[in-house]
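Working notes, structure below.
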Amino acid sequence: MLPDQFIARWSKQEESAQDVRGSALISRPVKPVDVNDISRKANDIAPPITRKENQRIVVNLEAKEVVAELAPGTTYTYWTYNSAVPGPFIRVKEGDTVEIQLTHPEEAGSHGHTEAHSDEAEGSHGAAGHAKHSIDLHAVEGPGGGAVLTQVAPGETKRFEFKATRPGIYVYHCASPHIPTHVANGMYGLILVEPKNGLSKVDKEFYVMQGEFYTKGRFGEKRHQEFSLDKLQSEEPEYFVFNGKVGSLTGGEALRVKVGETIRLFFGVGSHIASNFHIIGGILDKLYPEGDIISSPHRNVQTTIVPPGGAAMIEFKLESPGKYLLVDHSLSRAIDKGALGEIIAEGEDHPEIFKGL
């Protein structure tokens, strides 16, 4: 199937779902949004580290609930680091001392309550008893990955430091009760610990994470969607998405590259279900699985499984101009539930590699 046909089919499926499902439901209106776009841009990534010496790196994070669009016409209450999903890409060097500062604002959000005291608004953070946030970084060697030192109630800031001792690409996430709920609502990101001698030079780098959302309504309903604990505990998400929402890496937000450029993609799974990551029309030249960026890579890989709480570093080139698709190759997740992105490659044709007859 051609990329445009694939996307057209995906769009048609979504529109059909909205028409059929929406007519039979009592709709909750879409809520005013706190942020215009929940999705962290794929190119929102710190540049490679060139310094030789180690430093003390301070990372400021804010745990915050925000309402934003999960899909066109569909809002959702996200729990975030720094008001985007995924959280910031943290980049440090092996041997650096890293200070994490985590703040949990006290002010009421658009939900009309403070998280610590409200007993209203079904599905809200405070009503569910989740008055604290925290952070567990898989790059940390210490109890809870830092979570035991960062349980922050509204109005608090907590700090801790760790030594970045092991190179790799690692997930971080919230680890406050109920942990699965915090993670499912968007509280995750990646931290890269570069080796002492750095990484090889590439032309472009991108940051993508896959997650799921467990909503009471079905995929495509144009309304405010509420979180469903029952669906989470049954592992039956309505949405599979890249970078926080449907369409986050398509159209004007597609990844843009030139033919022949070496691309490095940091890919992780923040939520609860593994990804079967694949680039339609591309081959993964080098795959560094399981977060291991210093061992010899796997080569010429078609599809890779990235587990929940896991990450991979991928390097590849696109040899022909055109549109390529990022998908979860459990393809109903891409066509029917949103796990689809685009790469636009510009440049000269190479008919010796690819041509029509």
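Each Cβ is built from the backbone N, Cα and C atoms, and glycine gets one as well.
Pulled from TrEMBL:
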- His133, Cys174, His182, Met187, His329: Cu cation 1 binding site (BINDING)
- His138, His173: Cu cation 2 binding site (BINDING)
- 107-123: compositional bias 'Basic and acidic residues' (COMPBIAS)
- 87-196: domain 'Plastocyanin-like' (DOMAIN)
- 107-131: region 'Disordered' (REGION)
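When the alpha carbons of Cys174 (Cu cation 1 binding site) and His138 (Cu cation 2 binding site) are compared, the span between them is 11 angstrom.
Ranking the binding-site residues His173, His329 by other CB atoms within 10 A of the CB puts His329 at the bottom. Within 10 Å of the C-beta of His138 (Cu cation 2 binding site) there are 20 other C-beta atoms, taking all protein chains into account.
Comparing the binding-site residues His133, His182 by how many other C-beta atoms lie within 10 angstroms of each C-beta, the top residue is His133. Over all protein chains present, the Cβ of Cys174 (Cu cation 1 binding site) has 26 other Cβ atoms lying within 10 Å. Between the CA atoms of His133 (Cu cation 1 binding site) and His173 (Cu cation 2 binding site) there is a gap of 10 Å, rounded to the nearest whole number. A distance of 5 Å separates the Cα atom of His173 (Cu cation 2 binding site) from that of Met187 (Cu cation 1 binding site).
The Cβ of Met187 (Cu cation 1 binding site) has Ala63, Trp79, Thr80, Tyr81, Gly87, His133, His173, Cys174 as same-chain neighbours under 8 Å, each 6 or more residues away in sequence. Counting only the Cα atoms, the space from His138 (Cu cation 2 binding site) to His329 (Cu cation 1 binding site) is about 26 angstrom.
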